[in-house]
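Visitor: What follows is a structure written as structure tokens; I'll ask about it next.
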Amino acid sequence: MVQAWYMDESADDPRLPHRLETDRPVSLEQLRRLGVLYWKLDADKYESDPVLAQIRRDRSYSWMDIITICRDKLPDFEKKIQIFYTEHLHLDEEIRYILDGSGYFDVRDKEDRWIRISMEKGDMITLPAGIYHRFTLDEKNYVKAMRLFVGEPVWTAYNRPAEHFSAREQYVKFLEQTA
């Protein structure tokens, strides 16, 4: 099962776990109240998995590709890792299914504190449009992930501050309703 926790404020290597000295775990219910959805799937059967197929139908995830993030496979690796780790939002959901390897998604809570979500093989996550987040590899420096989209893929990230976008405004209203 996925693990999530509040992060420390250390400027050390982002690939480290960054747990608070007194660990503060975050439950799936707490993530759900932020609009973050999670599934545990069988990554070895992703091509024929009826559960994944049903999620895709239910949520209209019509487009997908697979990306491998590691030094040998991703052009401009260092630059891309810095871009992924810069706090940003998207105007659409961000959906990632980890097929192999591991990494971290960090999301902001209602009080603007970082929550780290440890992702590994079989974990699938949906981040809502308008949520501030970032991604980094862990110390293994490798992840293979399926990227899913509703309709055509849009890769545009809007670095913080990006409060003026309607996706952000709608997300803030969602947070107010879940208080």
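Each Cβ is built from the backbone N, Cα and C atoms, and glycine gets one as well.
Below are the features I grabbed from TrEMBL:
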- H88, H90, E94, H133: Fe(2+) binding site (BINDING)
- H88, H90, E94, H133: Ni(2+) binding site (BINDING)
Visitor: Taking the centroid of the Cβ atoms of H88, H90, E94, H133 (Ni(2+) site), which other same-chain residues have Cβ within 8 Å of it?
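Guide: Same chain, not in H88, H90, E94, H133, Cβ within 8 Å: L89, L127, I131, Y132, R134, A157.
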Visitor: So how many other Cβ atoms are close to H133 (Fe(2+) binding site), meaning within 10 Å of its Cβ?
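Guide: I get 22 for this one.
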